[in-house]
Every structure is written in structure tokens, then in C-alpha cells.
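Here the structure is laid out as C-alpha cells; the discussion comes afterwards.
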Amino acid sequence: MSALLNKKYLPFYATVFVFIAIFLIGGAMYKNFLTTRVLGNILADNSFIIIAAIGATFVILSGGIDLSIGSMIGFVGVSMAVLDSMGWNPLATAVLMLAFGFAFGAFQGWVIDGLDIQPFIITLAGLFLLRGACFMVTINSVPINHEWADLYTDIKIRLPGKGLLRSSAIVMLVSLAIGIFVAHFTRFGTNVYALGGDKESARLMGVNVRRTTVMVYAVAGLYSALAGVVYALYTKSGYPLAGSTLELSAIASVVLGGTLLTGGVGMVAGTLFGGMILGLISTLIIFNGSLNSAWILISSGILLFAFIVLHRFLVGSFDHNRQ
Amino acid sequence: MTDTNAKTGRFHGLLQSRAIWPLLALALILIVDGIISPNFYDIRIVEGRLFGNLIDIFYRAVPTAMVALGMAIVIGTKGIDLSVGSIAAISGAIIAWRIQAGDPHGVVLFYAVGAGAICGMWNGGLVAILGIQPIIATLILMVSGRGIGMLINLFYGGTNPSFQSDLLQGLSTGSIAYIPTRLIVFAVLFVVVWLVLRRTALGLFVEATGGNAAASNLAGVNAKLIIFVAYVICGIMAGWAGVILTADTHTSDPVSVALYIELDAILAVVIGGGSLAGGRIYLGMTVIGALVIQALTTSILISGLPPEYNLIIKALVVLFVLVLQSEKARRGLMTKLWGKA
């Protein structure tokens, strides 16, 4: 019980509370808001952001940052679409893309640890590199027509009420479960927390810093690539500008989910609610109909501000100076 | 460690060697350009203003260089400002709004730059007073700033309002004595920032704060105030970039104006030898960094390569410069080449 009341988890509880509160407010304002149909749609529409954000959670827990997420989503999307038009099976391209994401992330992690350069700058180069690669693959919007893609999008689970759990939402929930398991029940997960808490102490305790860093970015690359696959199959197309600035939404989801950007504190499960809060806000503003989309940006900013200040005061007592 | 001690005597020489890489990179790019396109260095006078590829590189680098100067100071305090693009968007929206409201254009300019200063105060307050990590603190304005710009447009003038202003457009696209005005504006801003930083103790205090905030606080430097001021200067520079970019198209377009300028500006600082770990400000080298980025873009355009290659080549050059600057990589390379010497 005392573990449950740990101050570390307060941001997570706050996130869940805010999510439920916004959902209830929406229900009070609009008749058809508080339904599993809306919930299912929010889960499906934001699945790729949340998947990418799960990977970003690992990076941020380790005290790093990954800016290459959006470009990875775009690159995976155009590659899938172009390979599809060349007659490849979507399943084969998906596996190839996941392997690519893992390898690319591992390379970024290797450079970050090997050359001792800030992750911000290396993954920024990764952002440019992958976005440039998108344009080299194609500069057009390419459709995905394979029958397997249709099979995938047809997978649905009925929820109580009129809601549907679509395939992308299912993929997201499964990858979330795997992420939670890896973060909290494996040695790798423990090492990630240790690394984010204090790199030097982690090293002295026997954590293999290089291997953990490489793995963290590899996992993030894998999740970003998976987000790209889900996005491509969900929209059934590849577009070289797809996913621009999505890394920001992913990082915002992680922060709203209660993970500290200083590393070492946070929960993978929180990221789900962080991403869902962002999805809820845009759904509410779309439900309203008369509000401009500018309000999505502004209200996300206000929420971000509130949460960051909350974190600051809740965890200020055990906050240490960042690296 | 003894290695470092031996080098302190040649500290000046070391500084020079740090500065040589970005300059070499710039020279190399320009030489390659000359080989690709024989009349690359031609400069001619058209309609009372200098034209040519070299001028064009300076001309287009101005907004990034402006933002990069402010960014260099913020990075000097061990901070970072992700919101500069959003600040430029807000400043542009305010220009369109106040010009349509009928204010004198000189006052509008003041408002636009002042909005940048206010945004800088917001960032500085979050970082210095609330003690929030810079990357998160400035993320807030980065996410919401373009929305604020869109709202200002929405309330006053509709989507992407355009405007006419001889003063502002003159500052951005005009010329004085054959020289593009924006280069003069930039030169003035550069001199002001340089004077404020190097002819007062501010620069020293910023570098002390970035090097070790706690130690400089004990030494009597008001670290919080210094950090705050750094973000305000950065906001003002971003406001100026907003003025130049918005006046260039005489349209306020908050969604796409100065998109990714924060990334280019941070790159310019890093290429110029600044470390994200703080404690150092190289104003001149930062400008060189911005020029390297723009020269690269221009040379890809004139080389006839499809513009799609732009980002890839940029990324590879950035990686190359970073590897050259990485102590660890250089030491590793030395050991490989000359054994354990």
C-alpha cells in the first residue's frame, strides 16, 4: 500500500484523473460523447502516436530524447507503400521495416554513447536523414492496395455498446502490454531506470551503459517503425510528409503521462493516458464544431504547462540537477 | 588528465583549432560550388542591389543566423529554446494585426519585437524562477505558440492575412547602397548583442552560469537573473526573425513560418563549436554555422541535384562535423593512427 502511495506515482494518478475528468466533462457537454464508440475511435485515431510514445518513454526514462520519431513514421509509410506497389506482401514489408527501425535506433544509440554526443543532436540528424530518405523514396502520395492490408483493417473487436476496437488499437494495446512488461519486469527495464536516475551510479552498480543505451534507442526505433506500419495501414497510403512534428506529440504524451524528462521516473502505462488526453482534447474540439483547430494547440500547451508545473512541485524534493 | 594540463598553455591554439573546422567546412562547400558552377562567384547589380549566389547565401541565412545568436546565448547558460519558431509566428501575426489596426509601422515593429521579448520572459520565468528543465519549459510555447498566432489571425483579419508596409518590407527585402537591408539589420543586431555580451560582464556571467550555476551563484553571480535575460534576448532575436520572414512574404502564416528554424539554429550553434553542455558562447562562429547550413542548401540547389537530397546531405554533413568535434572520436582516431602515443 505504501508503495502505491509513493510520491513518484502521483503524476501518474493525476494523469488518469485528468483523463477521466475530461472524458466526463465531454459527456456532460455532448450527448453521444460518453460512449465506447468515441473511446474506440480515440484509441484507433491515436494508436500510432501512442505506440511511438511508448518507445519514447524508454528513451526519456533513460535520460535521453528521440527526435527522429516523426520522420521514422513517414519513412516507414512511404517504404511500405512503394514496396506494396512493387508487389510485396504487407506482412513482409512490415517485418523488414521493424528490423530497419530497430537497426537505425541501435545505430543512433551507438553513436550517442560511442561519440559522447548529446542525443538531442544525433536524433536531430536522424530526423533530417529519415525525412530526406522519404523524399528519395517518393515525392508522391502512394496508395496501399494489397488485400492483406484490407484484411488487417477489417479486424475488429466489438465493445459493449456500439464501440469497436479496431486493429490499430489492438496492436497499440498489445505493444503497450509488452512495453509495460519490459519496463517493469525485465533486467533491461531496471537498467533503463538506473541509467536515467544517475548514469555514474548505474555504471558503478554494474549496468552496461553502452549496451543499455544502444538497446534503449533500438527499442525506440522499433516502436517508431511499428507506429509507421500502423499509420500506413490505417491510412492505407504512404506520403513523404506524413508524421511531421509527430515526435512533439509523442514527447508531449510521455510528459502528460507522468514521466519526467530528466529521466529515471515514470511509468509506461502513463503514456497511454497522456496520449489519450491529447486525443480527447482534439475530439472535444472537433465535437464542438465551431472552435478553430488553433485551440487544439493552445489547450495542449496549457495542459502541458499545468502538468509540468505539477511535476515540478510534486517531485521537486527528490529532483537532482540534470546531467 | 595530464594531457589537458599540457594543453592549457596552448589554450589559445586549441581555441583556434576548434574554430578552424566550421570555417574549413564553409570554404570547402564554396570551393565545390565554384567547381560545379563556374559563375558561382559572380556578383552583379540589378535594380540597385547586389545579386549573386554569395549574396544570396548571406541573404537567406539572416533569419536563421538571428535566431542562432539568441540560441547561442541560451545554450551558453546550459539551456535550449525550442520555441523560437513559434515566437516568430506570434510576432508575424501581431504585425498583420496591428498594421490592419492602423498603427504607425514603426510602432508595429516595436510590438512585434516586444512580443518576442514577452515570450522570452515567459520561457525565462519558467526556467529561471520555476526551475523547469529548459527543453520542457520551452516545449510548452513551441506547442501552443503557433496556435496563438493562428488565433490572433482568426480574431483580426482571417486566415493568413496579408498586409502592405513600406517600412517592414523595406527592412526585409529592400536595399541601402546596393546592400540588402536585412544584412544591415543583422549586422546592427550582431554588434549590439556582441557589445552587450563582451563589453559588459553579461557574457562572462552567462558562461559562468552555464559552466556551473551553483559555483557562479556562490561567486556572487545572480544565476537566475542571467538565465532569465538570456531567454529574453533569444525571444527578441526570434521576434526579429519573425519580422524579416513575415515581411518577406507580407503574409502572416503561423502554421509554416520559420518551421524547423529552432533545429537549424541549434545546429548553427553546434557547428560553430558551442556545446549543449553550456559554458561557452561563440557569436561569430555561430554566424559561420548558419552560413554553413545555408551554403549547403544553396549548393544542393545549384548543383542540379533534386532538392530531395537536401535533408540527407544536411544530415550527413552535420554528422561529419559532430564526429570531428567529438573529443572521444578524435582521441579514438588518434590512438588508431599513432598507437598509444
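Glycine is no exception: its Cβ is also placed from the backbone N, Cα and C atoms.
Listed features, source TrEMBL:
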- B:20-37: transmembrane segment (TRANSMEM)
- B:57-75: transmembrane segment (TRANSMEM)
- B:82-101: transmembrane segment (TRANSMEM)
- B:107-129: transmembrane segment (TRANSMEM)
- B:136-156: transmembrane segment (TRANSMEM)
- B:176-197: transmembrane segment (TRANSMEM)
- B:225-245: transmembrane segment (TRANSMEM)
- B:257-274: transmembrane segment (TRANSMEM)
- B:281-303: transmembrane segment (TRANSMEM)
- B:309-326: transmembrane segment (TRANSMEM)
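Ranked by Cβ pairs under 8 Å to the transmembrane segment (B:176-197), the stretches B:20-37, B:57-75, B:136-156, B:309-326 are led by B:57-75. Using the rule of three or more Cβ pairs under 8 Å, pairs at least 6 apart in sequence, the transmembrane segment (B:281-303) is not in contact with the transmembrane segment (B:107-129).
Beyond the transmembrane segment (B:136-156), the same-chain residues lying 6 or more positions past its ends with a Cβ under 8 Å from any Cβ of the stretch are 80-83, 85-87, 89-90, 92-94, 96-97, 100-101, 119, 122-123, 126-127, 130, 252, 254-255, 262. Only residues 6 or more beyond the boundaries of the transmembrane segment (B:257-274), in the same chain, are considered here, and those with a CB under 8 A from a CB of the stretch are 18-19, 21-22, 25, 63-65, 67-68, 70-72, 75-76, 80-85, 88-89, 92, 142, 238, 241-242, 245-246, 280-282, 284-290, 292-293, 318, 321-322, 325.
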